[in-house]
Amino acid sequence: MMRNDPIKHVFIWPAVLVVLAISIFPLIYSFTTSFLSYRLIPPIPPRVVWFGNYATLLQEPRFWNAIFTTTLIAFIAVGVQYVIGFGVALALNARVPGERLFRVALLLPMLLAPVAVALVARMIFNPTMGPLNQFLSMFGLANLPFLTNGHWALGCIIAVEIWQWTPFIILMMLAGLQTLPEDVYEAAELENASAWQQFWGITFPMMLPISAAVVFIRLIESYKIMDTVFVMTGGGPGVDTETLTLFAYQEGFKKFNLGYTSALSFLFLIAITIIGVTYLALLRPHLEKRR
Amino acid sequence: MSGQGLTGLSSWSRRLVAAGVLVWCLISVFPLYWVVVTAFKTPPGVVGGPTYVPFVDFTPTLQPFIDLYQGIRGEFFRTFLNSTIIGLSAAAIATAVGAMAAYALVRFEFRVRFGAGLIFFLLALGGYLLFNNTLGFTRPQALLLAFPIALVVAIVSNRLPLPGPILGNEDILFWFVSQRMFPPIVTAFALYLLYSEIGRLGFQLIDSYVGMTLCYVAFSLPIVVWLMRDFFEAIPIEVEEAAMVDNVPSWRIFLGIVVPMSMNGLLATFMITLAFVWNEFLFALFLTNSRWQTLPILVAGQNSQRGDEWWAISAAALVAIIPMMIMAGLLSRMMRSGLLLGAIK
């Protein structure tokens, strides 16, 4: 039942005002700035260039490289997170022995500061003194260039992302699994459906809406990746691991090229929106069929 | 719930599954073990190659923590206080304000005309350009003038029969949550410019308590509204209806009945928000430079300043990690009481 009472405005306006002020405000500000040629160092008075910044950016290989790198990290990391996360959630839901102990351990990584995690990762991936090097040396793979080779560095960043965020997927999928009705499984038991058939025939389709939501959240969050990369490689070697946010930071905060950076962040926003809308459009037919 | 999906498996494959989960747990825990152990190492314990077991492989020492406390590697003590103060106040304000908004969205009906929203946006944008370019105000002045004008006109025009769809509570909720989708760099960078221009007017926001808290409150509100809405929806409405029959005012229903009933949810939301703020890096990177620097910035700085002094790096990372470890323990307790079940729907 919905009430109607003037006091509702007192309840909702503080939140609306704060969010409006802190998010719409800067949005307008940087939107208008993105059409200017505006630098703080050296200080040149702003000049209107319309789509000049956008055109320069779209021709800039470094921009496309950042988009590619970010997409690669986001898709691979989220894909692996989903597979491992779903698997562990299924196991935990089936009351694997020792499950209580697992829960704290599984919750931990995602609550830790990504910068701290990245620092720890730097130590573990150290090519001479790190524990991973010692472990791999046993298989004859000593002194791998973990963070100094572009491909390896990308792999290490993805590994850290997987380590840190799989718990989120486990948590969400576990919550979802616990809401599934039991009678369907009982019926499947009577039909002698194997565990494999039960998974693909019942569990997976019924979990599809939750899966879609969880993957969507992780995908959007992964596109914002910055702190992990900032600490682990700083975007290097060269610009091999430079993500969009890091690129924007370098341009904006190191060179103070305001118009250019504003245009960059808007292209970023557009890219995220395109990915989000495409993702939802691709999934919609599957989701609606189940209703 | 019975063992769905695994009932058909033999006991042998059950053991295999358990082993798989165990492996993942070890992978999860090993880096944490490593950082804890490394923080107690002496320089020789680090340089000689990886060592794992204290007292067997190396002699533990407290020196790294003493160094930290004495401020040899940056002002850890003050930064820790900064993080705590900003984190606690931002999480408390965000939970309070967000819970109110979430309650309003669950129990009251809102109707916003799409046209009014459009008018707000166009007036804010147009007014800003007009004040700045034509009337010669500075940029922050123009923004501060255009914003209230646009807001007032939009609120008034919401009462007029404008064409276009009418947005309800679900759409307002979506608007809140969609704020989380924005790449924070868009906001962070613009906020930096805005704060520094306001600073030129004489009100310092960059590197200040107010500026940081305000930004983190706004940044956390979407999550708070999203989480709290589910908790409030789970509260049976009959209790509130009974109070309404007795003519208890809405704010007393909220404070006296709803808040105590959803204490668990409020607490969990508060902790999740605190974790977000505590770990946040990008906004702190842009908006602080010395006095109100937070832990993630100082921790990230350890990297470049000190080459391979792992004992110091580990101790620094631990300072940032330990409060969150305690929180994970607390949260996992609440998790068992079915806390996060609601959040997903």
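Counting begins at 1 with the first residue displayed.
Cβ coordinates are placed from backbone N, Cα and C, and glycine is handled just like the others.
Curation plays no part in TrEMBL annotations; they are all automatic predictions.
Database features (TrEMBL):
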type	residues	note
DOMAIN	A:67-279	domain 'ABC transmembrane type-1'
TRANSMEM	A:12-32	transmembrane segment
TRANSMEM	A:63-92	transmembrane segment
TRANSMEM	A:104-125	transmembrane segment
TRANSMEM	A:152-177	transmembrane segment
TRANSMEM	A:198-220	transmembrane segment
TRANSMEM	A:263-283	transmembrane segment
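The largest share of C-beta pairs under 8 angstroms with the transmembrane segment (A:12-32) comes from A:263-283, of the ranges A:63-92, A:104-125, A:152-177, A:198-220, A:263-283.
For the transmembrane segment (A:104-125), the list of distant contacts is 88, 92, 131-132, 146-147, 156, 159-160, 163-168, 170-171, 227-232: same-chain residues at least six beyond its ends, Cβ to Cβ under 8 Å. Same-chain residues lying 6 or more positions outside the transmembrane segment (A:263-283) and placing a CB less than 8 Å from one of its CB atoms are 30-31, 34-35, 53-54, 57-58, 63, 67, 212, 216, 219-220, 223, 244-245, 247-248, 251-252.
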